[in-house]
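> I'd like to ask some things about the structure below.
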């Protein structure tokens, strides 16, 4: 067989039956000749591919050729060549197509993994996962929150704090007797506890003010509280201005729950003085204590009276931020309900009682049970929602951006005034010619030493005069 002539001459099989073609294919090994043969005889009905014995019984419908994967659509020169095999068991193989974005594994937050991008989503950069990164870092670091409770004794401050955070912060507290309370002054005590819930750690610090408002003369009893808040601002300012700023502990007071007695007709003078003295330093949230001693109409009346007096005396309590336009209606309604509940009428209890076949935290009276977490009985749930679930971060932001910045600006202004005053004093000293103070001649020196000292004094005076003349000429020239 002359292979140099291709399919010319004797290269074409004379027997074109199926058996003859099969024998010819078995004897021929050149792929180019096989391809040319298949092309020349593709229209012949008697030419069948040697895949199966029953091919002749099938309808003559061309079988679709497997498509190449989309992986090579953008770069056609790298498409692998497809060549028919010269054997009876001829098969075609293709690489599986890459997974689509919908079929690829997803990250735990429902986003596509930016490190597993393929050709079909090459426009996906991955910065959409930045909130997830911030979330992981914040959860790993934990959160700090400092809460101050203020008010006279017997209003349920400790009980309410324990009810809010489901912990006992005052297990080591010792109650003072009546005689000890007579000479008691306002103290500042701190209770710190680490709380973890679903992997989120919170370091809670409770600042209590025992002795506040318990004396007969309560003049300026709020000063220790104001000084404590300023001290925390000062300490944070020093740490922030120092060299080591990596591990700054934030002890600034983020919120102050001020308890108002339910037995008055509104705000007392002490309440007004306290809130006016601290409203520029801390976020004040007024609390109407022991709401179970009042009827629902009395609660509404006292709330309205307290709000009017707060506005009348110009007291700036914590203002809830406005809702964004993209917030859902449920959140807007919840926020509006929180704003209308100021001051929060609360009840605290660490006792679990049985009510209607279920165990709840509340207080048992002869006429019924007051449930702490029942919105129809008090505002405890609303206070907890505001303080922990919805506005804790905003309380910290207002403390940092408003109250601390005001204190920091005052410190910088005071430091600037001191520097300017010192510069002015030095300038006057230079102009008066006393830059180099001349020491007095010590008594008991010999005449030669006195003469030498006086000569040096005269030389210093001449040098000062020359220096002043040079400065005067420079001012005139410029």
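Along the chain as shown, the residues are counted starting at 1.
Yeah, the Cβs are placed from backbone N, Cα and C, and that goes for glycine too.
These came from Swiss-Prot, pasted as-is:
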REGION    1-115  region 'Disordered'
COMPBIAS  13-26  compositional bias 'Basic and acidic residues'
COMPBIAS  95-108  compositional bias 'Low complexity'
REGION    151-158  region 'G1 motif'
REGION    208-211  region 'G3 motif'
REGION    289-292  region 'G4 motif'
REGION    428-448  region 'Disordered'
COILED    447-478  coiled coil
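Show me how these features fit into the structure around them.
With DSSP classes pooled into helix, strand and coil, the tally for the region 'G1 motif' (151-158) is 2 helix, 0 strand, 6 coil.
Counting residues 6+ beyond its ends, the region 'G3 motif' (208-211) has Cβ neighbours under 8 Å at 148-151, 153, 157-158, 181, 184-191, 224-225 in the same chain.
Residues 151, 155-157, 160, 259-262, 299, 345-347, 363, 370, 377-379 of the same chain, all 6+ positions outside the region 'G4 motif' (289-292), place their C-beta atoms under 8 angstroms from a C-beta of that stretch.
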> Given the model, what does the mean pLDDT over the region 'G4 motif' (289-292) come out as?
89
> Mind checking how the region 'G4 motif' (289-292) divides into helix, strand and coil residues in DSSP?
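Going by DSSP assignments, the region 'G4 motif' (289-292) contains 2 helix, 0 strand, 2 coil.
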